[in-house]
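See structure below.
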Amino acid sequence: MVLWSKEQDKPSEMSTGAIEAKKEGAPPAYHHTNGSVHPIILTDSPEELRPEAGVYELTEVTSFSERTEAEDDRPEMVVIDCRANAKGQREEDALLENASQSNESDDVSTDQSPVPPAPLKESSFSIGLQVVFPFLLAGFGTVAAGMVLDIVQHWTVFTEVTEVFILVPALLGLKGNLEMTLASRLSTAANIGHMDTAKDMWNMIMGNLALIQVQATVVGFLASIAAVIFGWIPEGQFKLGHAVLLCASSVSTAFIASLLLGLIMIGVIIGSRKVGINPDNVATPIAASLGDLITLSLLAGISTGLYKQLDHNNYANPLVCAFFVALTPVWVLIARRIPSTREVLYSGWEPVIIAMAISSIGGLILDKTVSNPNFAGMAVFTPVINGVGGNLVAVQASRISTYLHLVALPMGQPSPTSTKCPTPCTTFFSSNVNSRSARVLFLLVAPGHLVFLYAINSMQGGHTSLTSVFIAFYMTAALLQVLILLYLADWMVNWMWGRGMDPDNFSIPYLTALGDLLGTGFLALCFHFLWLIGDRDTDVGD
């Protein structure tokens, strides 16, 4: 930030990063210690002192008391070094650009961005203690979602319009594409001090809520198109009424679920900071704890209600779809007003759309597997294995991203501790905090799934007996899924950071979508293998 000050306005002290400019005859250049370059902000006020063109010699001073009387008669220019990280620096630059375009005020603010704190020192025990309870809560949420899917798979809308199954992973994946990304983004902002003041906090909240509503509407619409295409190509039949039903159900479910979960996320992050808990450890699992259950319940209820209108009201489905799409420009205008979400509004579509397409492929696998009566038992386990893998990898990605922001490493510069392609030993067995958290998260997989399988068995859910053979196949699939995801998170987050892409906005959608695809694919293979070796008890839970 560059400040023009007059003699009567001089402060008694300056920061170490302050420099004094002396005129010598050519345009000046101003460099911060972190390498960033700031523009000069000039106002039209006649009281402001303007320098003439020329060369300025830059000399470092620690206070104004060191200056001579002769120097006191000269105009001066002060450059204050804001030691902000890469994300905060871009937000400040956007604010400076807005200020330079406005002449409504002659006041020049002297506030500095807060210095980011040092990376959190966490032991394996503290990481596990903070993660385990949200992880179990999220897991029981996925168990509840699995029980719901096990029931609704027999409803008329799911049997007559089987393409609804394709929507399930895509819409459940919204918690990774939108809510977990929102949680990661807000957790990072809270940890680096961008939500310390009420004004900053409300700007972040309003901008991010509007942003996820835009993304939810667009992703819901595209997911319905993907479901129509994937359902039409194998069967060769296209029904316009079913296509409109899928569109209306998908858009309305995505919109309502994202709004509810976004509000819950904001409350969790603000509450975590007040009680001294790292939001990265709790926000993303809690986002998933209710995400699957709320989204799946909304999808089943809305699609059933709209399906009943097909025979009575031909305009109900198009009107529902048009209503939510028409609200999109409102959310766009709100998101554009906030610098921190303006960039994501324009550049954050690629990961969300690609992740939706990946999840839709997993939905196609689910549709073709569950629609076969011999594999009906797969439905209750699909949200569980996908949810657990997505929750754990989202925690790891959020932690690595926060670590990179906290060390104030310029975005676009690779981390000194990362390699182009890390080995599994580097990811899981090195001494750094990210490797420590990877080990903790991986060790939670087996006991967590055993608890969730016991819960499903106690409620007599599903259509498969929990034999030792089934548990062995299931645990192999779950461990392999999380192992691959944690390794990919270590590589992907550091790679994106080195390419100048904010991992908070790009990594989690890809990782959770891959978790859906790997989980659904591995689970389908398990049931096919079990069928081949003779485990064919499909009547359990009927």
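Using the three backbone atoms N, Cα and C, a Cβ is placed for every residue, glycine included.
What TrEMBL says about this one:
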COMPBIAS  1-12  compositional bias 'Basic and acidic residues'
DOMAIN    168-302  domain 'SLC41A/MgtE integral membrane'
DOMAIN    382-525  domain 'SLC41A/MgtE integral membrane'
REGION    1-39  region 'Disordered'
REGION    89-119  region 'Disordered'
TRANSMEM  127-149  transmembrane segment
TRANSMEM  209-234  transmembrane segment
TRANSMEM  240-270  transmembrane segment
TRANSMEM  282-303  transmembrane segment
TRANSMEM  315-334  transmembrane segment
TRANSMEM  346-366  transmembrane segment
TRANSMEM  438-456  transmembrane segment
TRANSMEM  468-488  transmembrane segment
TRANSMEM  508-533  transmembrane segment
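Below 8 A, the CB atoms of the transmembrane segment (508-533) and the transmembrane segment (346-366) form 3+ pairs separated by six or more positions in the chain. In this chain, the transmembrane segment (315-334) lies in contact with the transmembrane segment (209-234); the count of Cβ pairs under 8 Å, excluding pairs fewer than 6 apart in sequence, is at least 3. Listed by sequence, the residues of this chain that lie at least six past the ends of the transmembrane segment (346-366) yet keep a Cβ under 8 A from its Cβ atoms are 165-170, 172-173, 176-178, 211, 215, 218-219, 222-223, 226-227, 230, 378-379, 382, 386, 505-507, 509-510, 512-514, 516-517, 519-521, 524.
Highest Cβ pair count under 8 Å relative to the transmembrane segment (438-456), across stretches 127-149, 315-334, 468-488: 127-149. Below 8 angstroms of C-beta separation, residues 206-207, 210-211, 213-214, 217-218, 220-221, 241, 244-245, 247-248, 251-252, 255, 306, 309, 345 of the same chain, each at least six residues beyond the ends of the transmembrane segment (315-334), sit close to that stretch. Only residues 6 or more beyond the boundaries of the transmembrane segment (127-149), in the same chain, are considered here, and those with a CB under 8 A from a CB of the stretch are 168, 172, 277-278, 281-282, 285-286, 288-293, 295-297, 300, 379-384, 386-388, 391-392, 395, 436-437, 440-441, 443-444, 448, 451-452, 455-456, 459, 461-462. DSSP states for the domain 'SLC41A/MgtE integral membrane' (168-302), grouped as helix (H, G, I), strand (E, B) and coil, give 121 helix, 0 strand, 14 coil.
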